Amino acid sequence: MNENIAEKFRADGVARPNWSAVFAVAFCVACLITVEFLPVSLLTPMAQDLGISEGVAGQSVTVTAFVAMFSSLFITQIIQATDRRYIVILFAVLLTASCLMVSFANSFTLLLLGRACLGLALGGFWAMSASLTMRLVPARTVPKALSVIFGAVSIALVIAAPLGSFLGGIIGWRNVFNAAAVMGVLCVIWVVKSLPSLPGEPSHQKQNMFSLLQRPGVMAGMIAIFMSFAGQFAFFTYIRPVYMNLAGFDVDGLTLVLLSFGIASFVGTSFSSYVLKRSVKLALAGAPLLLALSALTLIVWGSDKTVAAAIAIIWGLAFALVPVGWSTWITRSLADQAEKAGSIQVAVIQLANTCGAAVGGYALDNFGLLSPLALSGGLMLLTALVVAAKVRITPMS
């Protein structure tokens, strides 16, 4: 029955893709991600200017992630039938306001308030991203549109820290956030001009968010999402000590490795739509299986710099399929409740990132250098098995 509802929901979709709106959404996402990670490269001048320690200043990143998790969970309950066009415009305005509040912050409290505004926009936008995408393009084009959005994310992740560091040294950290506010204004203008009216959820489709987990294969899917992202952060959070101590990379070498990873991630995201068109389930099971094998290879032969560098590239290519693949799964199998499913997905990912990094750090401190790799590889292997055995993918109509 649920599959029939999803089929009807997709049948009512758009006939032609609205690429201007898709790129507007992608630009907003890229700006949100860039601003989220700007403090990483500006912590020292921010801390000095505000008279706080770098550790305290780092909480400006933590509070954004914390607020984003709750925003993603409850945004669809709050906005209900409100036109999603106005909600996206509001998120773009919040992005701009956040940048200005941080730029003019004269206290740690105002800094946190500005970053909390960013968290509201970030979590809400991510929760709605899959449902927005499937309402802007025909069903057959959804994987391609999602790859555009996640491609923008990859670019933002690659350029955010180095761009912030470079500009901060020239114009100062406050003007970096002023420049980000200008990007926020551009987001508002682009969204206003390109995004069509997107009515909220009709009353007959209202359903408790967590009742979605009772649908066949959905709980398994969320568990697989948790394990794949926890596995990613269990390893990637500690890539610096692993690569510098295991493979013997210096700082410059590690920078090149991370740049290669970022480029590979962008390439993988760009081509993900072609893989997902052929088989979503194969991508969702095959990518973590390849990552599990990569972790094993790094454990056995990671002392070789060539092998370690190659694994970073393979990792970037393979993991790029994971976020696009799971968003595609939502648009296929939970099309009638895509917003609520997206809310749960984002909250699960935020929790997985936190747990993966925490457990990976504990393993590194107590069980040695290879333990985050072993943990990551084990989680990725379990993900592949759960997807293959339990996750259901609704065929594209």
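Note: Cβ is positioned from N, Cα and C throughout, glycine not excepted.
Summarising the annotation, Swiss-Prot assigns topological domain 'Cytoplasmic' to 1-21 (among others).
Same-chain neighbours of the topological domain 'Periplasmic' (43-54): 60, 105-108, 111, 168, 172-174, counting only residues six or more beyond its ends whose CB sits under 8 Å from a CB of the stretch. For 43-54 (among others), the entry in Swiss-Prot reads topological domain 'Periplasmic', with the evidence type sequence analysis.
Annotation source Swiss-Prot lists topological domain 'Cytoplasmic' at 76-85 (among others). Across the topological domain 'Cytoplasmic' (76-85), DSSP classifies residues as 6 helix, 0 strand, 4 coil.
Here Swiss-Prot flags 129-147 (among others) as topological domain 'Cytoplasmic', drawing on sequence analysis. Same-chain residues lying 6+ beyond the ends of the topological domain 'Cytoplasmic' (129-147) with a Cβ under 8 Å from its Cβ atoms: 10, 13-19, 21-22, 25, 29, 84, 88, 196, 198, 269-273, 276-277, 324, 327-328, 330-331, 335, 338-339, 341-342, 345, 396-397.
Listed as Cβ neighbours of the topological domain 'Periplasmic' (169-175) (distance under 8 Å, sequence separation of 6 or more from its ends, same chain) are residues 42, 45-46, 49, 103-104. What Swiss-Prot records for 169-175 (among others) is topological domain 'Periplasmic'.
The topological domain 'Cytoplasmic' annotation in Swiss-Prot covers 197-215 (among others) and rests on sequence analysis.
Sequence annotations record features per position, and here Swiss-Prot assigns topological domain 'Periplasmic' to 237-255 (among others) based on sequence analysis. Note on the topological domain 'Periplasmic' (237-255): DSSP counts are 13 helix, 0 strand, 6 coil.
Summarising the annotation, Swiss-Prot assigns topological domain 'Cytoplasmic' to 277-281 (among others). In the predicted model, residues of the topological domain 'Cytoplasmic' (277-281) average a pLDDT of 88.
As annotated by Swiss-Prot, topological domain 'Cytoplasmic' applies to 327-343 (among others), with the evidence given as sequence analysis.
As annotated by Swiss-Prot, topological domain 'Cytoplasmic' applies to 388-397 (among others).
Taken from Swiss-Prot, the feature transmembrane segment applies to 22-42 (among others). Long-range contacts of the transmembrane segment (22-42) within the same chain, counting only residues at least 6 positions beyond its ends with a Cβ under 8 Å from a Cβ of the stretch, are 57-58, 60-61, 64, 88, 91-92, 95, 98-99, 115, 118, 121-122, 125-126, 129, 132-133, 136-137, 145, 148-149, 151-153, 155-157, 159-165, 168, 173, 176-177, 180, 183-184, 186-187, 190-191, 193-195.
If you look up Swiss-Prot, you'll see 55-75 (among others) marked as transmembrane segment, on the strength of sequence analysis.
Sequence-remote contacts of a segment are chain residues at least 6 beyond its ends whose Cβ falls under 8 Å from one of its Cβ atoms, and for the transmembrane segment (86-106) they are 25, 28, 31-32, 35, 50, 60, 79, 113-115, 117-118, 120-121, 124-125, 128, 132, 174-175, 177-178, 180-181, 184-185, 187-188, 191-192, 195. Marked as transmembrane segment by Swiss-Prot: 86-106 (among others).
Counting same-chain residues at least six beyond the ends of the transmembrane segment (108-128), those with a Cβ under 8 angstroms from any Cβ of the stretch are 28-29, 32, 35-36, 39, 46, 50, 52, 56-57, 59-61, 63-73, 75-76, 84, 87-88, 91-92, 94-95, 97-102, 339, 342-343, 345-346, 350. Swiss-Prot lists 108-128 (among others) with the feature transmembrane segment, giving sequence analysis as the kind of evidence.
Residues or ranges marked as transmembrane segment by Swiss-Prot on the basis of sequence analysis: 148-168 (among others). For the transmembrane segment (148-168), the residues of the chain that approach it from at least six positions outside its boundaries are 22-23, 25-27, 29-31, 33-34, 36-42, 45, 129, 133, 175-176, 179, 259, 262-263, 265-266, 269-270, 272, 320, 323-324, 327, judged by C-beta separation under 8 angstroms.
Counting residues 6+ beyond its ends, the transmembrane segment (176-196) has Cβ neighbours under 8 Å at 18, 20-21, 23-25, 27-28, 31, 34-35, 38, 42, 85, 88-89, 92-93, 95-100, 102-103, 136, 164, 167-168 in the same chain. Residues or ranges marked as transmembrane segment by Swiss-Prot on the basis of sequence analysis: 176-196 (among others).
Across the topological domain 'Cytoplasmic' (327-343), the DSSP tally of helix, strand and coil residues reads 16 helix, 0 strand, 1 coil.
Annotation: stretch 344-364 has the most Cβ pairs under 8 Å to the transmembrane segment (216-236), among 282-302, 306-326, 344-364. When Cβ-Cβ distances below 8 Å are used as the criterion, the transmembrane segment (344-364) is approached by residues 65, 68-69, 72-73, 123, 126-127, 130, 209-210, 212-213, 222, 225-235, 237-238, 241, 326-327, 330, 371-372, 374-376, 379 of the same chain, each at least six residues removed from its ends. When the stretches 55-75, 282-302, 306-326 are ranked by Cβ pairs under 8 Å to the transmembrane segment (256-276), first place goes to 306-326. Long-range neighbours of the topological domain 'Periplasmic' (237-255) within the same chain, counting only residues 6 or more positions beyond its ends whose Cβ lies under 8 Å from a Cβ of the stretch, are 298, 302-305, 307-309, 312, 356-357, 360-361, 364, 369-370, 372-373.
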